[in-house]
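Colleague: Below you'll find the structure I mean.
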Amino acid sequence: HAGISGLEDDYHSLGTGKKADRGLAMRMIFLLQMIVGILGNFSLLCHYLLLHLTECRARSTDLILKHMIVANLLVIFSKGIPQTMVDLDVKYSLSDFECKLVFYVHKVGRDVAIGTICLLTVFQVVMISPVDSRWSGLKAKSLKYMGISNILCWVLNMMLNIMVLFVMGSKRDNTNITRKRDYGYCYSITGGYIAQSLYIAAVLFHDGFCLGLMIWASGSMVFILHRHKQRVQYILRNNLSARPSPETRATESILVLVSTFVSLWVLSSFLHICSVLFNNPSLWLRNTSALITACFPTVSPYILMSYDSRVSTLSFPWK
């Protein structure tokens, strides 16, 4: 009996040790992702600030990218910091106001990031369209209304996500609520099957509409670039040192950005739907969903920097 008991204790301690190792690895991944994301977005923001101070010629898409960087930082701070606190076992529970604010900021930041990428792709396809195309007349108008479009994107998403303030609550609250979902540091009140289905449908419609525009604009950009490459092919044959134009590099960066976003969005939406359908999702599902959600805000500034020839050694010393 003593031998069996000892074996059970060893097996239990071995399982506990593996779980602790996995927990430590997940904590380090979250912490590293947050540091890399904050560093990349702040570096890109400093790059644009330096261009403004030195009065360098700005690209037409820089304004949209600045709004996207702000949205990225909101997503990283609102999701990364609370999640890292939970993973590091920091004994602090957010208040009711803090829970509502954190989730509201995260939802607005996420939706604004989607909206700005959608604006970016549509605006870019208008700007690179040939002179004889039907989009050429919209170039001057798009420049004129770009700032208003970004502000409208923020205002609309702030209004659409106002319901988040009514369903989030603090774990300090001892109110007995049967239908709630635990996020480790806050909880959300879950409705019935119909309410959850309507919520999923609304999210998919909002995101699907933006993704549809992105895919259409991306396909149009690929078509325009292909036609442009065919027209100037004889120039490239005669000039071996010919390099892609800034417009072409900017378009390529947007295409890579959209491809990365769509791939991560599909995976994130699948995990998010799974977490909504399960009243008490597992710790692995919550951690993986949070990790994938913060992936695009983390990697997007590095994609933009790799395609931006204006990146200077003053802004990025490690280059």
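Just so you know, glycine gets a Cβ as well, placed from its N, Cα and C.
Annotations in TrEMBL come from automatic prediction, not curation.
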Colleague: Check each of the ranges 112-131, 192-211 against TrEMBL and return the one annotated as transmembrane segment.
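Modeller: Going through 112-131, 192-211 one by one, TrEMBL gives transmembrane segment for 112-131.
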Colleague: Ranking 28-51, 254-278, 284-304 by Cβ pairs under 8 Å to the transmembrane segment (112-131), which is first?
Modeller: 254-278
